[in-house]
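Visitor: Please read through the structure below; I'll follow up with questions.
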Amino acid sequence: MSTRRGVLDAARVVVKIGSSSLTSATGGIDPERISALVDALAGLRGRGAEVVLVSSGAIAAGLAPLSLPRRPRDLATQQAAASVGQGLLVHRYTEEFARHQVAVGQVLLTVDDVTRRSHYRNAYRTFAKLLELGVVPIVNENDTVATSEIRFGDNDRLAALVAHLVHADLLLLLSDVDGLYDGHPDQDGTSLLSDVGSTSDLDGVDVGRPGRAGIGTGGMVTKVEAARIATGAGIPVVLTSAAQAAAALAGEPVGTMFHPTGRRRPTRLLWLAHATEPKGSIVLDPGAVRAVVERRASLLPAGITGVTGSFVGGDPVDLVDPDGTPVARGLVNYDSEELPGLIGRSTHDLARELGSSYEREVVHRDDLALLTD
Ligand SMILES: Nc1ncnc2c1ncn2[C@@H]1O[C@H](COP(=O)(O)OP(=O)(O)O)[C@@H](O)[C@H]1O
Ligand SMILES: N[C@@H](CCC(=O)OP(=O)(O)O)C(=O)O
C-alpha cells in the first residue's frame, strides 16, 4: 500500500495533528479547526476504517484560562498549562465527534508506558479494546508527569510509535504546512517534495525548525524523524496540512508521501531504540560488536572492555564499539557498579566463583535493538 490510491485501502489509520494546526492567530485553540478535522476523520470512519488520533494542543488550550500570553518556557508552567488544557481539548473533541455519533477515549502515554514489557502489553490491549468498541482513541503525551528526562516534547515521534503499536496501515501527519519542502517554505524558490522513497531522497533538503514562533515544537526535524521510524517499520506516511486532510485520506496526491523502507519489528524494541534515553554506555570489543550486530547474539561479560554512566538493572544503555559509536541499545541486567568486576570474564568462571545468578547475560538478545538497522 505505498501508492496514493493505496491510502483508500488502509483499514487502521493513525492521524497526528500538531499544535500549530489547532490554534487561531491569537494562540488559543480554534474550535473551527477542530470541527473541520473531526469531519474529515468521521468521513474516514464512514468508509469502515479505524482511527487513532494523536492530538497536540493541550499546552496551547491551557494558555487563555491561565492568562498566559504565550507558550511558557519552563517545564512546570508547561505542565500546568497542559493539565488545564488537556481536559478542555478532549471536551471539544468529545462534542465534535458526538455530532457524528462517535465516542472518544483519552489515552495519555509516557515513554515508560511502552518500553517496559508489562506496560506496553497493557497499552496495546487498551487500544485494541477501544477500537473494537468503535471508540476513537485521542492520544497525547502525559505532559503532567513526563519529566524533562523522559519527555518526547513533540508528538511526531510519539505518533510514529503509536502507529507501530496499533499495527496501523497508514500514518497521516498534519501540520500548518502542506508538505516537506526542499528548504524552509518561507524562502523563495523552495519546492514541495511529493515522494520520499529512501533517506537519500532527503540529501540536500534543509529540514528546519518550526515557523510560527512559539507554537509548534519540533518543526520538520521531528516529522522527518517520525516518518523515518514509521517507514522503517513498514508503515507509509503522508505529511500534509490539516486543510488537506480529507484530500489526503481520499488518496489525492497532496503533501509528501514517505514510502516504506523496512518491515515490521517487535514494538517494544522500536520504542527502545527511538524513545528511551540511555543511562550509560557499555564498550564492546570487536568480537562482541560482530556477535551483537551480525549474529544478533546476547552480550556476555567476556566481550566488554569498559562501562560509563550510572544505571541499575532494567535501565536502557547504549552498546558502543571500540570507537565509541553506539551500535545497539538494550535493557541491561546488571547495575553499573557490578559490571567493572565482571569485565572480560567468562560466564562459566563467574558462575563458579560468584554463583549461578552470574550466568545471566549482560544484555539479553530479546532486550536489544540494533541502532545500525
Ligand atoms: N523543509 C521544510 N519543509 C516544510 N516546513 C518546514 C521546513 N523546514 C522548517 N519548516 C517549518 O516547520 C513548521 C512545522 O513544524 P511545527 O510548527 O513544529 O508544526 P506542528 O505544530 O504541526 O508539529 C512549518 O510551519 C515550517 O515553517
Ligand atoms: N503534548 C504537548 C505537545 C507539544 C507540541 O507542541 O507538539 P507539536 O505541536 O506536535 O510539535 C501538548 O499537547 O501541548
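Here the Cβ of each residue, glycine as well, is placed from N, Cα and C on the backbone.
Because TrEMBL annotations are produced automatically, they should be read as predictions rather than curated entries.
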Visitor: Among S35, S55, S56, which residue shares the substrate site with D143, N155 according to TrEMBL?
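Guide: Given D143, N155 bind substrate in TrEMBL, the matching entry from S35, S55, S56 is S56.
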Visitor: Looking only at Cβ atoms, how many others are within 10 Å of the one on S56 (substrate binding site)?
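Guide: Its Cβ has 29 other Cβ atoms within 10 Å.
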Visitor: For ligand 1, which among the binding-site residues D143, N155, D176, M220 have a CB under 6 Å from it?
Guide: D176, M220
Visitor: Let's see if you can do this one: DSSP helix, strand and coil counts over the domain 'PUA' (280-363), in that order.
Guide: 27 helix, 25 strand, 32 coil
Visitor: Per DSSP, to which secondary structure element type does M220 (ATP binding site) belong, with helix, strand and coil as the options?
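Guide: Reduced to three states, the DSSP call for M220 (ATP binding site) is helix.
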Visitor: Give the distance between the Cα atoms of T222 (ATP binding site) and S56 (substrate binding site), rounded to the nearest whole Å.
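Guide: With distance taken Cα to Cα, S56 (substrate binding site) is 14 Å from T222 (ATP binding site).
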